[in-house]
Amino acid sequence: MNAGILGVGKYVPEKIVTNFDLEKIMDTSDEWIRTRTGIEERRIARDDEYTHDLAYEAAKVAIKNAGLTPDDIDLFIVATVTQEATFPSVANIIQDRLGAKNAAGMDVEAACAGFTFGVVTAAQFIKTGAYKNIVVVGADKLSKITNWDDRTTAVLFGDGAGAVVMGPVSDDHGLLSFDLGSDGSGGKYLNLDENKKIYMNGREVFRFAVRQMGEASLRVLERAGLEKEDLDLLIPHQANIRIMEASRERLNLPEEKLMKTVHKYGNTSSSSIALALVDAVEEGRIKDNDNVLLVGFGGGLTWGALIIRWGK
């Protein structure tokens, strides 16, 4: 028995903020943003819309798409950096709202790599037989910790949530390999400043991301016994088109094997990879027996990569 994905779901706020909207409030331009990041627009949550609201909506859809009910869920794992409070966890809030009376809940925090950490954690519970059905959510409301006076970072971020239901699948499907890591010495390059707003040293983060995403991708390929050409889809953290393209080139993959959502969502941190995965499923980009590589990096500094063979 292995652990795989049984259903997916997402939620993005209704409000769309384009690059042209940002031109009106800061010294930037659509051309400057697009050429450097690949971002054209992003979703921004309402003031009264919180991370747990985004996570709840995505989880609800994923459970339905898995053909399950909230009573079938054993555990909720939410990857996020924008909890409204230290406790209760976002996972506990959505467990209550969904009426999932049989489930436990916990949050994990590995910034933009958090969703990969959540998926790997869930897989261990399932493979040991401790739990059967686990909801993993990546959700963040980055707009509340964005410094809107810093044009170098304000143009990057958006809000949203993506979710998967994980459960038992056959030995030759599901999670084939993973690589999780941290380099705490780089924490100074990406963190929250004294005003609880995002600070980023873009040059250092770029170097770290390109290096670690590439190396982690090669490690999970080796551990899964796969070659680069065996990959059917690469879903990287949607931070910046240049970083994403560097990841694709490191693996010698054609353009059509790179999943891109950065243009319409921006960088949504913990939900970034999850949203891209859900869109790939909805667009028919993933079929049974496909080998899908998820890879990301985040504040910490952290990184996570994993390969899933789609299907049951």
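Positions of Cβ are set from backbone N, Cα and C atoms, glycine also.
Swiss-Prot lists region 'ACP-binding' for one of the ranges 33-37, 38-42, 238-242, 263-267, namely 238-242.
All protein chains considered, the CB of HIS237 (active site) has 30 other CB atoms within 10 Å. Cα spacing between CYS112 (active site) and ASN267 (active site): 9 Å, rounded to the nearest whole number.
According to DSSP, ASN267 (active site) is assigned to a strand segment. Per DSSP, the secondary structure of the region 'ACP-binding' (238-242) breaks down as 2 helix, 0 strand, 3 coil.
Summarising model confidence by region, the region 'ACP-binding' (238-242) averages a pLDDT of 96.
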